[in-house]
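For reference, the structure discussed in these notes is given below.
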Amino acid sequence: MLFTKVHGLGNDFILVNACLGERFPDDYATLAKEMCHRHFGIGADGLVLLLDSGVADVRMRIINSDGSEAEMCGNAIRCVAKYLYEHNIVRKEEIKIETLAGVIVPQVIQKNGVVEAIKVDMGEPRLEREQIPMLGAAGRVINEPLELDGQRFYITAVSMGNPHCVIFVEDLNAVPLQLIGPRMEQHPAFPKKTNVEFVQVINPQEVRMLVWERGAGPTMACGTGACAVAVAGVLNGLTEKKVTVHLPGGSLEIEWAEDGKLYMTGPAVEVFHGEYTVYKS
Ligand SMILES: N[C@@H](CCC[C@H](N)C(=O)O)C(=O)O
């Protein structure tokens, strides 16, 4: 099976293009777990499958390294757009990509004929509890207390198609991510589990963030997470609608625009191509 290894700010993926006739087993969950394994496989945070679409240029499926399927992935979709454009598979400056979170539209930004960045129309955030079914009553979840093993956290819940739990902290260096991340991910308040973002505000235009991803653990960056953080910052009166989000792997520019949509701009990198032999472990 031919694949391409890609990353967006160190959030890395194995991309398999089924539109090119590439064949792969039906059991995506096992395949993702095996291919993404850092020691027994290629190593990645997720497996990205490209398939034919009836409504867009291409369909993207994202399978986390634990085998679970996510609705959307911001870093992966930038990588997919660059891959489709540079390999002349979809040579359009605006590419329509079908995901479980709807059709997402990345735009290829070039400088002197070279793809410099990808700006993605990530759509509108979803804030109603009905869409993030948790904590009971109607309304939004903005800076609300949530108990976790006797500790109280103030959370803001934002869905970018996939669920995010944003927690603002005074000092990011003091956050025990490995300890709280997996427990918050699996907190019963989140029936579909959740991605968890810890955020320190530097100033109204800049934040630092750490992420524990649902189904993947700590990653170097999360595009949907950065969008959720931008929304949470505005809702909590902490940041402006245009914000730079600094992550362990680099920075993303996020804008919550007047049309209500989130726009995410950042890099995408193709690392290498390879051939994977499917085996039974
Ligand atoms: N890294 C991604 C998000 C990938 C999916 C996530 N782990 C989930 O299960 O929702 C991003 O860049 O958005």
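Placement of Cβ uses the backbone N, Cα and C atoms for every residue, glycine included.
TrEMBL has this to say about the protein:
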type     : residues                                                                   : note
BINDING  : ASN11, ASN64, GLY74, ASN75, ASN162, ASN195, GLU213, ARG214, GLY223, THR224 : substrate binding site
ACT_SITE : CYS73                                                                      : active site
ACT_SITE : CYS73                                                                      : active site, proton donor
ACT_SITE : CYS222                                                                     : active site, proton acceptor
The one of ASN11, ASN162 whose CB sees the fewest other CB atoms within 10 Å, among these binding-site residues: ASN162
Distance from CYS222 (active site, proton acceptor) back to GLU213 (substrate binding site), taken between C-alpha atoms, in Å: 8
Substrate binding residues ASN11, ASN64, GLY74, ASN75, ASN162, ASN195, GLU213, ARG214, GLY223, THR224: largest Cα-Cα distance, in Å and rounded to whole number: 16
Residues satisfying Cβ distance under 8 Å from GLY223 (substrate binding site), sequence separation of at least 6: GLY8, ASN11, CYS73, GLY74, ASN75, ALA76, ILE77, ARG78, VAL120, MET122, LEU252, MET264, GLY266
Euclidean distance between Cα atoms of the residue listed as 'active site, proton acceptor' and ASN162 (substrate binding site), Å: 12
CB-centroid shell, 8 A cutoff, substrate site ASN11, ASN64, GLY74, ASN75, ASN162, ASN195, GLU213, ARG214, GLY223, THR224, site residues removed: ALA70, MET72, CYS73, ALA76, VAL211, ALA216, THR219, CYS222, GLY225
Proximal but sequence-remote residues of the same chain as CYS222 (active site, proton acceptor) (Cβ under 8 Å, at least 6 apart): ASN11, GLY74, ASN75, ASN195, GLU197, VAL211, GLU213, LEU247
